[in-house]
Amino acid sequence: MAKGLLVTYVLWAIGGPVGLHHLYLGRDSHALLWMLTLGGGGLGWLWEFWNLPNFVAQANRTQGQKQSSREGIPPLSPIRFVAQMIVGIYFGLVALISFSSMANFYIVGLPLAVGLGVLLVAAVGNQTSDFKNTLGAAFLTSPVFYGRPIAILPISLAASITAQKHRRYKPSVESETLSVRLYRLGLAYLAFMGPLAYSTLCNTAATFSYVAETLGSFLSWFSFFPLLGHLMESVLLLPYRIWWLLVGDPGINSHYFQEQEKFYEFVHSFPDEKHQLAYQVLGLSDGATNEEIHRSYQELVKIWHPDHNQHQREEAQRHFLEIQAAYEVLSQPRRPRESQR
């Protein structure tokens, strides 16, 4: 049955952010991506308004094809590559919030989540990529920054490059019933949202704290790019700024935005708290020089090295890791706080 352009536009208008029009056109990967990202944060949903005729034509052309899959390699798309990077990072952040307490998370859970996010974007439309090679690149990259949230960035980059290198057209397959497709999409959606919802509902305080810490770590990635970092920080207060422009002083309805500003400040408090804790671990006062930090680190490493404390190996291992983490925090450049109001 041919797909109608008018129906597609109606579905786009009433259910676009959750991928209803993509489900109608048989673009299940695109529908799942929109379900998990709410239409690419709304921007992707609005942007594709002009592409709906192409989507409808492609769906009707695919329905009429009875031959095997297309030959050749799809053209390289910078937009798809950037989307793979962003969704890979997004999946990695969600995994950090939901599964970071699991054993071997940074070796198994994190690269798997990032790789699946990259593969989901790679499968949008009539394209796909090699599953094994993309996940393999993610798993091989994960030990480089083991134990640190910044690992998400190189993992997503490596997986995205590999997915682009092995891009190909999807093979033609027999059409499935709507119930089977909905069942598969439902399972994928629950697999993504279930752990996050459980963590939020059953351990709200810890989840809120970890979300703020994860966002703080994410913002620290941009310490060498002040303009980009300032842009990312501004996004956190974007709803507040829009409301202020529309209605002026929020007045008695400003409770939500006050809470959002508190959350924003909460996110920014983590770098300072981490530095203070790091100074305490190394036995230094705030503002110690790099030489003092390095000297204290070397002395404490010699004292608490597990090989030198066989009689209390577990305690020594714990102190040793704390010292390593504190030195890593103090070795990074400290970004000045800026007013956002």
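Note that Cβ sites are derived from N, Cα and C of the backbone, with glycine treated the same way.
Listed in TrEMBL for this protein:
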- 6-25: transmembrane segment (TRANSMEM)
- 32-50: transmembrane segment (TRANSMEM)
- 81-99: transmembrane segment (TRANSMEM)
- 106-125: transmembrane segment (TRANSMEM)
- 145-164: transmembrane segment (TRANSMEM)
- 185-212: transmembrane segment (TRANSMEM)
- 218-238: transmembrane segment (TRANSMEM)
- 277-341: domain 'J' (DOMAIN)
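Sequence-remote contacts of a segment are chain residues at least 6 beyond its ends whose Cβ falls under 8 Å from one of its Cβ atoms, and for the transmembrane segment (32-50) they are 12, 16-19, 22, 83, 87, 90, 120-121, 124, 185, 188-189, 192-193. Applying DSSP to the domain 'J' (277-341) sorts its residues as follows: 45 helix, 0 strand, 20 coil.
If you average pLDDT over the domain 'J' (277-341) in this model, you get 76.
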